[in-house]
Every structure is written in C-alpha cells, then in structure tokens.
Amino acid sequence: MLSSLLLIFVAGPRYGRSNVLVYVLVCSAIGSLSVSCVKGLGIALKELFAGKPVLKEPLGWVLLVCLVICISVQINYLNKALDIFNTSVVTPIYYVLFTTAVMMCSAILFKEWQHMVLDNIIGTISGFLTIVSGIFLLHAFRDMPFSPNLLPLFLQQGRADLHTVWRSTDRHQSCQHQPLLHSEDKSSQSTEEEGEGV
C-alpha cells in the first residue's frame, strides 16, 4: 500500500507520461491486493457455507470494500497506461509485473511457499519464467514482418534442397495414380470375362 501511494501521488504526476512502469506498477501492486482480497472472500464464503457466522465478522465486509476499491484503482490506472503508451508495450510488462506481485503477495500473506517442497518450487518458477518469456516474445515481435528471406543462409539452403526434393518427387507418378493391374493382367482378365459371358 505504501509503494502504491508513493507511485500514485509522487511518481505518477512527474513520470507517469514518460515512463510506462509507473502506472503499470500501480496496477500490479493494487491488482495483487485485489487477488488476495478475492482469496480471502473465497475462504469466507467457504466458511459461510459450512455454517459458521461469517456475516457477523467485520473482516469479510472489509475485504469486500477493499476489493471494490482495488479493482476501481486498477482499471483506472490501466486505462491511463493504455491511453498514453502502445498496447504491445503495456501488455507484456503488465503481465510480468502483475504475476510477480501476485506471487509475492500470496507468499507473504498466505505463506504458501512454506508448505511447498523444492520440486514444486522449481516447477512453479520454471513455468512462470516460461510463460513470461513466451508472452514477451509474442508481443515484442508481433508487428515485425517475417519472411523466408530473413532466415540464416544454412536454413535457406536446406529449404531450397527440400523444395527441389519435393519437386523431383512430384515428377514421379504417385502410388494413388498407378494402375492396380498390369497390362498383361488386364488382357487375361478381359478374355476370362468374355469366356464366361459366352
């Protein structure tokens, strides 16, 4: 909350229109709190369905109010970032920072990483880095035109060889167009049919 307030009231007016990270960091930090509020509300609903008097506790209502405020602030600053900067720049940065902030917030508030073994931690971090790299590459090179001429020379040479192989195989008659019977077999079959007809 302190970092979000500093970004909104100190860094936002000064660097918000020149640096894409300011508004995106606000969205990420507030968004991580909204995810934690949703998780807390889910636990409260689970206890409510179990028959516990959750509605009398103020924590559930505080989480609901915080969720509404966090979502409103998040949407506001995300729209500001999209109005100023290009979508292909905002989207990968927002995805990376938002996912990182959610993982850190869940680790601090719910202490989920304490109950995970080393294999699960390595798998989670590897999956996160893979998804982040893929999203970044997709958005970074989305507007770049690709053609076969941009390939390295050895790949172009292999492509040319493959093309000549396909052309040479096209010249030969495929098995689908070959006759099922040879000409000698056809003549003997026609004489047998004539003999049966007589």
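From the backbone N, Cα and C atoms, a Cβ is placed for every residue, glycine too.
Quick look at what TrEMBL annotates:
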TRANSMEM  20-38  transmembrane segment
TRANSMEM  59-77  transmembrane segment
TRANSMEM  89-109  transmembrane segment
TRANSMEM  121-141  transmembrane segment
REGION    174-198  region 'Disordered'
How about the transmembrane segment (20-38) with the transmembrane segment (89-109) - do they touch, taking at least 3 C-beta pairs under 8 Å (6 or more apart in sequence) as contact? yes
State the residues, same chain only, that lie 6 or more residues beyond the ends of the transmembrane segment (89-109) and have a CB under 8 A from a CB inside it; answer 'none' if no residue qualifies. 20-21, 24-25, 27-29, 31-33, 35-36, 39, 78, 81-82, 128, 131-132, 135-136, 138-140
